[in-house]
Amino acid sequence: IILILVSYFTFQIEISGYFDQLITKSSYYFTPEGQDWENYYWDSDLSQFKSIWLINYSLLFVAILTFINIKKLKEETFGYINLFLNALTISAFLVAGLFVLSELRESYLDPSLNENYEAGIFNILIRYISFLFVAGTLYVFYQYSLQSFIRAPLKLPFGFLLHVTILWVASSELIHWLHIAGNGQQYKLGLSILWGVYALILISLGIWKRKQYLRIGAFALFGITLLKLFFYDITHLTTIAKTIVFVSLGVLLLIISFLYNKYKANIADDKNS
C-alpha cells in the first residue's frame, strides 16, 4: 500500500509542478493607467488544465491498478479497495472534472474571461480526451465483474455506475453544445427531453435483457424528469417550450406503455425467475 501511495503522489507532484511552472512563466505584473498599485495576471486556463489532468491521471492510475490485480495479483480484498477507488475517481470526474471542462469552454467562447491570453481549440478537445480515461476506468471496472476471485456480485453496481455516468456525461454534452451554438438558455428544455429519451432506452434495455433493475431505474428517472418539469422548468420555460416538453414526454410515455403491453409476457417471466 505504501508503494502504491508513493507511486501515485510522486507522479501527481510531478504533474502539479509542471503546470505550476507554466503558470509562473505566464504570469506578470502590470500597473494600469491611473492606478497606483500593480495587478497580477496569469493564464487561468492553465490552472484548469492542471486540475483536469490530475483527474485524468487519477483515472489512469486506478485503471492500471485494476489491470495489475486482474492479470497478476488476483487479490480479493485489494480488488474491493480498487473498485471503491474506481468509483471514487469517476465520481470526482463527474462532479469536479466536468465543471473544470465547462470553465475551459467558457474561456474559449468568451476571451474576456481570461484577458491577455488566447484560448485555443484544445480547451474544447480536452473533454474528449478525458472521456477516454473515463471509458477506460469503466471498462476495467466491468472486467472485475467477470473475475472469479471477486465473489461479490458486481453487475448491478457496475450497471448503476455505467448508466449514471452515461446520463451525466450526455447531459453535460448537451449543455456544452448548446452553449457553443449560442443557445445555452435552452438547456432546461433539452435536459427534460434527454432524460425522458434515456428513460425510454432503459425501459427498452430492461425488457430486451430482462433486467428488472433497469426498468425500475427508468421509471425513477422518468419520475425525476416529471418532478423537474413541474417544479423547476415550468416557471422558466416559454409557452412554446412547455408545449414541446409536455408533448415529447407524453409521446415517450405512450411508447413505454406500448412496450410494456407488447412484452408483458417477457416481463412476467423475468419477475417469476
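The chain as shown is numbered from 1 upward.
Using the three backbone atoms N, Cα and C, a Cβ is placed for every residue, glycine included.
Predicted automatically and left uncurated, TrEMBL annotations should be read as such.
Distant neighbours of the transmembrane segment (51-68): 4, 7-8, 11-12, 15-16, 19, 82, 85-86, 89-90, 92-93, 96-97, 100-101, 104, 126, 129-130, 133-134, 136-137, 139-141, 143-144; these residues of the same chain sit at least 6 beyond its ends, with a Cβ under 8 Å from one of its Cβ atoms. The annotation transmembrane segment is assigned in TrEMBL to 51-68 (among others).
Under the heading transmembrane segment, TrEMBL lists 80-101 (among others).
Taken from TrEMBL, the feature transmembrane segment covers 121-142 (among others).
Here the transmembrane segment (154-177) has long-range neighbours at 83, 87, 90, 94, 98, 101-102, 105, 127, 131, 134, 138, 141-142, 144-145, 184, 187, 190-191, 194-195, 198, 202, 211, 213-214, 217, 221, meaning same-chain residues at least 6 beyond its ends whose C-beta is under 8 angstroms from one of its own. Residues or ranges marked as transmembrane segment by TrEMBL: 154-177 (among others).
Here TrEMBL flags 189-208 (among others) as transmembrane segment.
What TrEMBL lists as transmembrane segment is 213-231 (among others).
Positions annotated as transmembrane segment by TrEMBL: 243-261 (among others).
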